[in-house]
Amino acid sequence: MADKTQSTTHFGFETVPEGEKAGRVQGVFSSVANKYDIMNDVMSVGIHRIWKDAMMDWLAPRPGQKLLDVAGGTGDISFRFLKRAGSGHAIVLDLTEPMLVEGRQRAEAASMADSLDWVVGDAMALPFEDNTFDVYTISFGIRNVTRPQEALNEAYRVLKPGGRLMVLEFSQLPNDMMQKAYDLYSFNVIPRMGKLIANDADSYQYLVESIRKFPDQETFLGMVKTAGFENAKYRNLSMGIAALHSGWKI
Ligand SMILES: C[S@@+](CC[C@H](N)C(=O)[O-])C[C@H]1O[C@@H](n2cnc3c(N)ncnc32)[C@H](O)[C@@H]1O
């Protein structure tokens, strides 16, 4: 078996030993947790809400479904899912406890308390039995996972036959000019906003670098298929700034 402690991966534009990445990612999200929701609105001028709503439109939650929302952070996806489904259950799982603590303090968390659980855990080793969930979501989380293919394999394992995977993640724009304009904004504006609002330029520098390191739409689609998902497809959001990938466990 390969010795994984010797392998390296990327943490933004840095190369780090694989064994260090999760701790560094936890450091970033622990540091931004209490400003995470407001920073999302400011950085994306509210567009992340439209993308998350588009995720729900495609997912079309149904009453009684069981959702596992991995890297669920402060609960945005689970709240939307439960509202749309009308009834059901959601587990928000995240590596970083302070993100879950923030989520639990939100008004929606109190009103949906009977239908929600908050669990600390790792996307690459989910603490659940095989064939447990109807729906698995991961929103702006998978690019932070050390080995994304392992997270997708785990998603497949814990979904019931007939279950649905939906991934929302930053992606790649279709041409160089648009990508350059977007890079100009993200590399110059976002870390400065991070400094101004959260007094933390480094965490936001990591966030924009991690976006550039994530595979493009077609490459990621291949990874979804490799995990075993059928009828795998993607849709671009805002021309490819973000993308939704969907797949089914048949
Ligand atoms: C950008 S936030 C996304 C939060 C939320 N899903 C949203 O869309 O607003 C990324 C989250 O991924 C979590 N995360 C990173 N690596 C993870 C892993 N291996 N397993 C579970 N969660 C992870 C972080 O702790 C963080 O809360």
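Every residue gets a Cβ built from N, Cα and C, even glycine.
Remember, TrEMBL labels are computer predictions, not curated facts.
Taking Cβ-Cβ distances under 8 Å and a sequence separation of 6 or more, the neighbours of Ser139 (S-adenosyl-L-methionine binding site) in its chain are Lys52, Met55, Asp69, Ala71, Gly72, Asp76, Ile77, Val167, Leu168, Glu169. DSSP classifies Ser139 (S-adenosyl-L-methionine binding site) as strand under the three-state reduction. Annotation comment: TrEMBL describes Thr74, Asp94, Asp122, Ala123, Ser139 as S-adenosyl-L-methionine binding site.
Here Thr74 (S-adenosyl-L-methionine binding site) comes close to Ala33, Tyr36, Asp37, Met99, Leu100, Glu102, Gly103, Arg106: these same-chain residues lie at least six apart in sequence, with C-beta atoms under 8 angstroms from its C-beta. Asp122 (S-adenosyl-L-methionine binding site) falls within a strand segment according to DSSP.
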